Amino acid sequence: MSKLTTGSFSIEDLESVQITINNIVGAAKEAAEKAEEELGPMGPTPFPTAATVRDWSFTLFDRYEPVYTPMCDQCCYCTFGPCNLEGNRRGACGLDMKGQAAREFFLRCITGCACHSAHGRHLLDHIISIFGEDMPINMGASNVIAPNIQLITGRQPKTLGDLKPIMEYVEEELGQLLATVHAGQEGAAIDYDNKAMLAGILDHVGMEVSDIAQVTALGFPKSDPEAPLVEVGMGTLDASKPVIIAIGHNVAGVTYIMDYMEDNNLTDKMEIGGLCCTAFDMTRYKREDRKPPYAKIVGTISKELKVVRSGIPDVIVIDEQCVRADLVEEGKKLKIPVIASNEKVMYGLPDRTNDDVDAIIEDIKTGKIPGCVMLDYEKLGELVPRLAMEMAPLREGISAIPSDEEMASLVAKCVACGECALACPEELDIPDAIQAAKEGDFTALDFLHDLCVGCRRCEQVCNKEIPILSVIDKAAQKAIAEEKGLVRAGRGQVSDAEIRAEGLNLVMGTTPGVIAIIGCANYPAGSKDVYRIAEEFLNRNYIVAVSGCSAMDIGMYKDADGKTLYERFPGRFERGNILNTGSCVSNSHISGTCHKVAAIFAGRNLSGNLAEIADYTLNRVGAVGLAWGAYSQKAAAIGTGCNMYGIPAVLGPHSGKYRRALIAKTYDENKWKVYDSRNGSELDIPPSPEFLITTAETWQEACVLLAKNCIRPSDNNMGRSIKLTHWIELSEKYLGVLPEDWWKFVRHEADLPLSRREELLKKLETEHGWEIDWKKKKIISGPKIKFDVSSQPTNLKRLCKEA
């Protein structure tokens, strides 16, 4: 082949020369026209930045004002400090307390977004390296396959390679956002809040990339309401076999371990279980054919230390996110090797990626090293099962759980100083439980097992060096052995067909709402609360969507017939169903479902059209999120993204530590007005949702908030009556009172709960001065909100026809 050389030429003296680049221009134009034909016209904010989302953020903040809850009065960001910001003081840089609290919250959101998005980048690059960029995306029977991506970027990816520019956009924006955290940058709290909202929606894009990649390539269930049931709980593990425990959120490396087990007929000779979201994705791997998984879900982050100290694992393999920082130290005590398979968590372990597997096993067996980093997944797949089989006989009988004699000795050391109770984030009465144990009564310690979040803070302040967590688990051995439940493997997206079938009911209110129970396991009073909440709303015909750690814990409890909620209720997107979308990154499918309602049911243009779709959701789709045990920065990002999308969220009491809420003033009538897009006239609406993000103190209070904030301006009479019925009943059942503002939601007598119509009409007349025609049992005058089922509520003036 001849070698090409560079050169130049001039057309200065040439006549009648035409240079055409029509193939390039024409191709680009053709692609743009095809995209518009498929996806509709491009909206106003494709690939948004902090500047282009600001108008919508500020529209939300005008009603839902930021409320800041700082953890301390100081700022320690730079060497000018620390600066005391109490009493409206400003720091050396000029930032005040509001700005600092907003910056802290924003920092948590971009941290969470970076975590999910880096997960997505790693997973996408890994999967493309195996299957190629041209692998078609397959999410099941849907045309709207990437609603978050389409909404935010205006693009609809067709192949894995199409996801790469999406990730590049997220990464670029994260860099721009992170820069504003630096001292001497943003100075206004409200603009930090706007940037947090952008970080939230970027998080949903990053999560969607992650799950699209793994659902497409790894044989996960695809929009499958009958995904297989999976065993969950510590009691599901057969400790007589070698046991592998995987911890984290990125399943890429674990799939190689499972492949090795299958290829070598080891699936019935050893156990593999997981903690946190890797556990969910292990049970989804190669399960689109609905075969029962052999992998087991052991539990949530709160179970990590409990599982390690049980001595059950023979090898721990970790990837990224929600893994304890002390696993190597805890593992050393029990001769449990730790294998790190992702460079985000390397624990100071030696990198043995390039070494021979036999040599690594020998070094770990002999105690030369406590584990290693292994980034070659082919070797990882071989190393971990072989190591587990080698370590199991060497570790037989090793556990941190005390014997009966050791237990008596340990509890006898307690002097009831109360330091452990003061350190406990759940304020558990550990001293009294240990005092009872001294007398031989272990009931109170056993009771603490489910309430304990496994943080070990109590042990670190104990002057007698009692391993309190191990003492609690010793008392709960029977409960732990019986800890066996069932959870449905993650089904993936909600299909377009399900949206078409349920969209009208949801928008009109005859399906009372969607309750999305997501997030971590930092519960204020044990894991059963999320089960109670889910059961309450399923019995009331709400759609309950779940994911992550909450989905696991919901599956741990059974009714009198021994059935879990996943066995009692179907898994479709329709009223009275519970659908588990999957791991943490599958939360994008829950927000994406709301976008799909607007796009498929209402025919709204999705592409690059953030404000219009979020406005539709806020005014018409009765969806509320619940992150009852939220602890992480990822949870903050997920919730904030939902807020930007018009979806309110209730958090548990610990979440005040996030430092910011978005709460409306329900008494300010000027805040509860929207436009009727038919003609631009002003409409009064009820004060709901009354917040975008807030906290509740108890699960009972949370139930009432969830029901109330499913009410939407678009509800028809039947829908409003159904929603008022549930809200009023829950308030009376759990709080013992009729809601004080129930009357504000009545537009017409047909809105009233049918069984209590006469009673409530009397209250409207005697307590609120409304005029009632008692012969016809009709409201003559009183309501400020007029009922018009054909009204089109919107917060956006530009959507009105006159505009």
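Note: Cβ is positioned from N, Cα and C throughout, glycine not excepted.
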Task: From C417, C424, the one annotated by Swiss-Prot with C452, C455, C458 for [4Fe-4S] cluster 4 - done: C424
TODO: May I ask you to find which of C93, C109 Swiss-Prot records for the [4Fe-4S] cluster 2 site already listed with C75, C78, C83?
DONE: C93
- [ ] Could you look at C372, C549 and say which one Swiss-Prot places alongside H249, C277, C322, C520, C584 in the [Ni-4Fe-4S] cluster site?
- [x] C549
TODO: Out of C76, C83, H116, C458, give those binding-site residues positioned within 10 angstroms of C420 ([4Fe-4S] cluster 3 binding site), comparing C-alpha atoms, in sequence order.
DONE: C458
Open item on the list: I want to verify one value. Collapsing DSSP to three states, which class is C83 ([4Fe-4S] cluster 2 binding site)?
Closed with: strand
TODO: Pull the DSSP breakdown for the domain '4Fe-4S ferredoxin-type 2' (443-472) and write it out as helix, strand, coil residue counts.
DONE: 19 helix, 0 strand, 11 coil
Task: Intrachain neighbours beyond the domain '4Fe-4S ferredoxin-type 2' (443-472), with Cβ under 8 angstroms and 6 or more residues off its ends - done: 301-306, 309, 326, 400-402, 407, 410-411, 413-415, 417, 419-426, 428-430, 432-434, 436-437, 478-480, 521-523, 525-528
TODO: Spatially speaking, which of the binding-site residues C76, C83, H116, C417 is closest to C458 ([4Fe-4S] cluster 4 binding site)? Use C-alpha to C-alpha, please.
DONE: C417
TODO: Can you see whether DSSP assigns C75 ([4Fe-4S] cluster 2 binding site) to helix, strand or coil?
DONE: strand
Task: List of residues, in chain order, with Cβ under 8 A from that of C76 ([4Fe-4S] cluster 1 binding site) and at least 6 apart - done: P82
TODO: Please spell out the DSSP helix, strand and coil residue counts for the domain '4Fe-4S ferredoxin-type 1' (405-433).
DONE: 17 helix, 0 strand, 12 coil
- [ ] Would you mind listing, in sequence order, the residues at least six apart from C414 ([4Fe-4S] cluster 3 binding site) in the same chain with a Cβ closer than 8 Å to its Cβ?
- [x] P431, I434, Q435, K438, K464, I466
